[in-house]
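Notes follow once the structure below has been shown.
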C-alpha cells in the first residue's frame, strides 16, 4: 500500500512538473525529506574521467515537516551516472551513489534520515516506471547481418547471385579496383596475369568499413556506441576510418606492383600519385564545407582538415615511399617455400626505417613539445577533465600544432570531447599530428598486401603471418594501455590517433583479414555480398553519401524525432540504398576513379 501511494504521488508530480524526455534520458524525481536542509545535486558520467561534478538541480526544504520537497530532472541513460548530494548551506557531502538509469524510465531518489539512530542520511533509488530496452532492435539487426548463411542466401536471391558470381570471377580480376577509396589510392585498374586469382577479401573488407561509415555518419540509429568516443576508449564509430586507411595501404601496394610489372615508368606514376592526392584533398575540402543553404562561404571559416584530406596526404606519403623503394616481386619466392621467411619485412627495411623515424617524430612532439599553459606531454581532453586544471589544453601538442599552424577558425569547431568534458576550444580529430600515425596505419596495411602477394597460393603461410601480426600489434597495445581505458602510458584515443589506437585497430584489421581470406578467397564460402559492391566503388559511395545526406530518400521528416526505432529505420534504409546503388553501378560496369 505504501509503495502504491508512493507511485501515485510520483505520477501526479510528473504531471505537475512535466519534463520532456529525449532519447537516452530518464526522469528522476528527487525527494528531499531532510528537515531544514537544502540540497544541491551534482552529476557526472562514469565515462568522464577525473571530471568535476556538474550541478544537476537544487532541492530546497519544503518548510513543512513530513512533506518532502520534490524536484524533477532528466538524467542521461547512455552510461552509468554518478550522483553527489551536498548540503547547500554547509557545502558538505550528504551522500553519493552510482546508478545506471534506463531509457524513458521513471525513478525516485529518496533522501531522508536513516532509522539507525546515528544521524546518517539514507539515499535510495526507487523505480516508479520501468524503462524500455531500445537496444533490442540493434541486437536483432546484429543477428540478421552476421548470420552469414541465411543472410547470404537471402541477398543472393534478391540480386541473382549466379550472375554476380560470374561477373566477380570474370571481370576486372584484382584484389583492388580503381575507384575505391583505398582505390582512391589506386593508380589504375588492376590487371594481373590471367592465372592470378582475384582477392575479394580486400574489396570486401573495404566495403565493410565503408558501409559501417555510411551508417555511422547517417546517425547509427542515434545509439551512443555508433558515436565517437568523447576521448579515450573505442566505440563502433571509431573503428571504420582506420580500417579504411589500413586497406588503402594494401591497395596501394597491390596496384602499384601490377602497374610497375606492366612497364609503367616511376616518373609517370609519381605524377599520377601527386594528381590523385591533390584531387582527394580538394574534394575533401569541398565536402567538409558544404554551406548549401547558408549563402557564400567565408574563407575565414573554411575547415582545412578532414577525412579525405587525411586520406590524400596519407596516400601520397605511402605511395611515394613504396615507389621510391619498389622492388620486383620475387617470382621464385611466390611458389618456392625455401625462400627467406621474413622477405616481406626484410625487403622493406628502408620503408620501415622511414616509418620508425616518423613515429619518433610523433612521440617527440607529443611528449616533449612545450605547450603554453599546459603540462608537457598532456594527452587529456581539457575542459572539466583532470579536475578542471587544464580547460584549454584539449589534445595537448596535437591541438596546439593545429591551432598554431591552421588557426582556430580553420579546424573542427564541435569535437566529440565537448559532449562529456564540456570543452570550449576547437579541436580537429583529422589534424596535422595525427596524420603521422595514419601513415603508420596505412603502411601496416601495405605489409598485409605484401603478405598476400609474396606468399601467393601459400594459404598456411599467409594465415600464420596474419596471426603473428595480429598478436604482435595486440601485445604492443596491451603494453601501452595496461589493458585500461585511461590508466595506460598511451591510451587508445581516436581524437589523437594515438599509437595505441593504431596498433589496436591494425591488430583487429589483421584479424579480419585472417577470417575473410580463407572464407572468401580460399574456400569460397562467401562472395563478400553485399559489402563487395560498395568496396568496388567506394569513392563514389563516400562522396555521394556525404553530399546527399540531407536529401530524400536518405532522410525524411520523422513522426517521433526522439525514437531510436525511427532513426534506426531511416539510417538502415539510407545505407541500404547506397549498397543498391553500388550494386547497380557494378552491374553497369560503372566505376568512378580519380
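The first residue you see is number 1, and the count goes up from there.
Quick reminder: no glycine exception, Cβ is built from N, Cα and C everywhere.
Where the annotation comes from TrEMBL, it is an automatic prediction and has not been curated.
According to TrEMBL, the domain 'Heparan-alpha-glucosaminide N-acetyltransferase catalytic' annotation covers 198-321.
The transmembrane segment feature in TrEMBL is assigned to 207-225 (among others). Distant neighbours of the transmembrane segment (207-225): 23-24, 78-79, 134-135, 137-138, 181, 235-237, 239-241, 243-244, 247, 512, 528, 530-536, 538, 541-542, 545-546, 549, 554-555, 564, 567-568, 570-572, 574-575, 578-579; these residues of the same chain sit at least 6 beyond its ends, with a Cβ under 8 Å from one of its Cβ atoms.
Under the heading transmembrane segment, TrEMBL lists 240-261 (among others).
What TrEMBL records for 273-292 (among others) is transmembrane segment. Beyond its flanks by at least six residues, the transmembrane segment (273-292) meets 184-185, 187, 302-304, 306-313, 315-316, 319-320, 323, 543, 546-547, 550, 594 of its own chain at Cβ-Cβ distances under 8 Å.
What TrEMBL records for 312-330 (among others) is transmembrane segment.
Long-range neighbours of the transmembrane segment (351-371) within the same chain, counting only residues 6 or more positions beyond its ends whose Cβ lies under 8 Å from a Cβ of the stretch, are 321-322, 325, 345, 377-379, 393, 396-398, 400-401, 433, 436-437, 439-440, 443, 446, 496, 499. Per TrEMBL, transmembrane segment is recorded for 351-371 (among others).
Here TrEMBL flags 432-455 (among others) as transmembrane segment. If you look at the transmembrane segment (432-455), the same-chain residues 6 or more away from its ends with a CB under 8 A from one of its CBs are 175, 199, 202, 242, 245-254, 257, 305, 310, 313-315, 317-318, 321-322, 329-330, 333-334, 343-345, 347-348, 351, 355, 358-359, 361-362, 365-366, 397-398, 401-402, 405-406, 461-462, 465-466, 469, 473, 495-499, 501-502, 505-506, 509-510, 513, 517.
Same-chain residues lying 6+ beyond the ends of the transmembrane segment (462-480) with a Cβ under 8 Å from its Cβ atoms: 344, 444, 447-448, 451-452, 455, 488-490, 492, 499-500, 503-504, 506-507, 510-511, 513-514, 517-518. Marked as transmembrane segment by TrEMBL: 462-480 (among others).
The annotation transmembrane segment is assigned in TrEMBL to 500-519 (among others).
Long-range neighbours of the transmembrane segment (531-548) within the same chain, counting only residues 6 or more positions beyond its ends whose Cβ lies under 8 Å from a Cβ of the stretch, are 168, 177, 179-184, 200, 202-208, 210-211, 213-214, 217-218, 283, 287, 290, 308, 554, 574, 578-579, 581-583, 585-586, 590-594. Annotation source TrEMBL lists transmembrane segment at 531-548 (among others).
Residues or ranges marked as transmembrane segment by TrEMBL: 568-586 (among others). Through the fold, the transmembrane segment (568-586) approaches residues 137-138, 141, 159, 167, 211, 214-215, 218-223, 530, 533-534, 536-537, 540-541, 544-545, 553-556, 558 of its own chain, all at least 6 residues removed from its boundaries and within a Cβ separation under 8 Å.
Secondary structure by DSSP for the domain 'Heparan-alpha-glucosaminide N-acetyltransferase catalytic' (198-321): 89 helix, 1 strand, 34 coil. In the predicted model, residues of the domain 'Heparan-alpha-glucosaminide N-acetyltransferase catalytic' (198-321) average a pLDDT of 91.
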